[in-house]
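Below is one structure, written out as structure tokens, with a few remarks after it.
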Amino acid sequence: MNKYVVILAAGKGTRMKSKLYKVLHKVCGKTMVEHVVEAAKGTNPDKIITVVGNGAESVKDVLAGQSEFAFQEKQLGTGDAVLAANDLLENLEGSTLVATGDTPLFTAETFNNLFKKHEESGNSATVLTAKAPNPFGYGRIIRDEDGNVLRIVEQKDGTPEELAVDEINTGVFCFDNKELFKALKQVGNDNAQGEYYLTDVLEIMRKAGHKVGAYEMPDFSESLGVNDRIALAQATKIMQRRINEEHMRNGVSFIDPDTAYIDSDVKIGNDTVIEGNVVIKGKTEIGSNCYITNSSRIIDSKIGNNVTITSSTLQEAQMDDNTDIGPNSHLRPKAVIRKGAHIGNFVEIKKAEIGENTKVGHLTYVGDATLGKDINIGCGTIFSNYDGVKKFHTNVGDHSFIGAGATIIAPVNIADHAFVAADSTITKDVEKYDMAIARGRQTNKPDYWHKLPLAKDKEWE
């Protein structure tokens with residue numbers, strides 16, 4: 001049986017009070033509509049069609065290559081939105097699942113189960129339902145004695161008996177495709193909002209003698225629709241719990257999973273430990289047996305095995321195996337830390353490669369530089385790379401030693417086995433085995449203390 005998915009993503013979402021269109025708000029690193037498309041892909045459909053309206057070009061940019069698109073010119077209800085896909089689907093055999101782009105928590109498993117139930121039951125329409133702990137505000141599912149759906153009763157229209165039902169409409173449906181578009185052409189807009197409702201299709205099909213059923217999914221939380229910032233935070237919390245639990249099932253330890261924020265595309269190896277208040281975002285990959293301490297923030301970075309990150313920030317950076325950093329250090333874009341290197345506290349590295357077993361201990365800035373292996377960079381060293389107009393590069397060879405407080409003014413090359421004395425300002429190349437000293441000579445002034453202002457009118461021994 002052919003399968004199609006229609007995702008409704010034309011609404012602006014005024015309750016979000018945002019310039020960003022509702023379905024483009026992110027949950028754990030992906031837009032809401034991307035989460036829905038990802039779940040849809042898990043059903044191996046023949047077509048995914050996203051109905052766009054407000055912010056159409058922005059939504060198309062996000063979903064480029066993942067979906068076909070239909071355009072809803074005016075937002076005249078869910079029935080009108082599905083009808084916008086008429087030209088792409090009308091005459092096709094198969095089943096069509098309809099979902100909304102603001103429900104990011106639905107899983108591929110749930111969508112697959114809905115397709116399966118729909119096809120096995122021989123329904124023309126199947127409603128995805130759930131048991132709600134508090135069904136207030138939801139449409140209630142009213143079934144007949146055989147379990148078929150008679151109608152969906154909205155909160156404002158229900159009798160006390162109907163409102164006592166806790167099975168609710170999640171807003172996701174599966175239809176016989178041809179019957180869907182035949183029924184949509186019969187939907188009217190004789191209601192207070194003047195809109196065309198997709199739910200009216202159920203009554204049209206039932207009256208035509210078609211079977212309308214339901215599939216009750218076990219996890220009500222999947223059905224959460226996001227209409228405001230409160231619901232966005234709730235969806236993020238639920239998604240985050242899922243992500244962290246999946247990592248834990250795969251061998252990752254979380255000291256406090258409730259406070260660790262991990263984006264959905266992050267990969268983490270087994271035996272890695274994540275402390276609380278850690279943020280890991282984007283396409284970050286972390287190897288096995290790593291330790292990430294509290295208050296670390298890692299974005300779009302690649303981390304090898306046996307790496308320790310202590311309360312530090314990494315952005316578009318790379319740390320190879322057996323390296324460590326922190327506390328309170330910062331790897332900026334294109335920072336590469338090679339195997340065995342040590343980055344200490346209060347170090348900033350930008351667009352620089354730190355070679356194997358090199359140590360950059362503390363209070364240092366390394367920018368636009370290539371450092372070889374087995375180098376020691378002393379405390380307070382500055383790689384001065386910018387003249388106010390251009391950035392310049394520095395090279396430091398293997399087995400070199402840079403003393404504390406040195407300033408390396410690029411462009412300059414320091415050869416293998418070179419030595420830079422502490423507090424030197426280096427402006428010229430340093431050759432192999434040479435030591436560079438560039439600082440003023442010390443001069444001692446005998447008995448000068450008594451000439452200083454602080455010594456006047458005071459008794460000093």
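Cβ atoms here come from the backbone N, Cα and C positions, even for glycine.
Look at Swiss-Prot and you will find 1-229 tagged as region 'Pyrophosphorylase', backed by sequence analysis.
Neighbour density for Asn227 (Mg(2+) binding site): within 10 A of its CB lie 15 other CB atoms from the protein chains shown. Feature annotation from Swiss-Prot assigns UDP-N-acetyl-alpha-D-glucosamine binding site to 8-11, Lys22, Gln72, 77-78, Gly139, Glu154, Asn169, Asn227, Arg332, Lys350, Tyr365, Asn376.
Secondary structure at Asp102 (Mg(2+) binding site), as computed by DSSP, is coil. Asp102 (Mg(2+) binding site) is surrounded by 26 other CB atoms, counting those within 10 A of its CB over all protein chains shown. The feature Mg(2+) binding site is assigned by Swiss-Prot to Asp102, Asn227, with sequence analysis given as support.
Look at Swiss-Prot and you will find 230-250 tagged as region 'Linker', backed by sequence analysis. Across the region 'Linker' (230-250), DSSP assigns 20 helix, 0 strand, 1 coil.
Under the heading region 'N-acetyltransferase', Swiss-Prot lists 251-461.
Swiss-Prot lists His362 with the feature active site, proton acceptor, giving sequence analysis as the kind of evidence. There are 18 other Cβ atoms within 10 Å of the Cβ belonging to His362 (active site, proton acceptor). In the three-state DSSP assignment, the secondary structure recorded for His362 (active site, proton acceptor) is strand.
Per Swiss-Prot, the feature acetyl-CoA binding site maps to Asn385, Tyr386, Ala422, Arg439. Taking the Cβ of Tyr386 (acetyl-CoA binding site) as reference, residues of its chain lying under 8 Å away and at least six apart in sequence are, in sequence order, Gly367, Phe392.
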Under 8 Å by Cβ from Arg439 (acetyl-CoA binding site), counting only residues of that chain that are 6 or more apart: Ala421, Asp423, Ser424, Thr425
Distance [Cα-Cα, Å, rounded] between Tyr365 (UDP-N-acetyl-alpha-D-glucosamine binding site) and Asn385 (acetyl-CoA binding site): 10
Candidates Lys22, Arg332: member of the binding-site residues with the richest Cβ shell (10 Å): Lys22
Where the record names Asn385, Tyr386, Ala422, Arg439 as binding acetyl-CoA, the maximum Cα to Cα distance in Å: 22
For Gly139 (UDP-N-acetyl-alpha-D-glucosamine binding site), nearby residues of its own chain (Cβ under 8 Å, 6 or more apart in sequence): Ile152, Val153, Glu154, Gln155, Ile168, Asn169, Thr199
Around the Cβ of Asn169 (UDP-N-acetyl-alpha-D-glucosamine binding site), the count of other Cβ atoms that are within 10 Å: 24
Among Asp102, His362, Asn385, which are recorded as recorded positions, the nearest neighbour of Gly77 (UDP-N-acetyl-alpha-D-glucosamine binding site) by Cα: Asp102
Secondary structure at Gly139 (UDP-N-acetyl-alpha-D-glucosamine binding site), reduced by DSSP to three states: coil
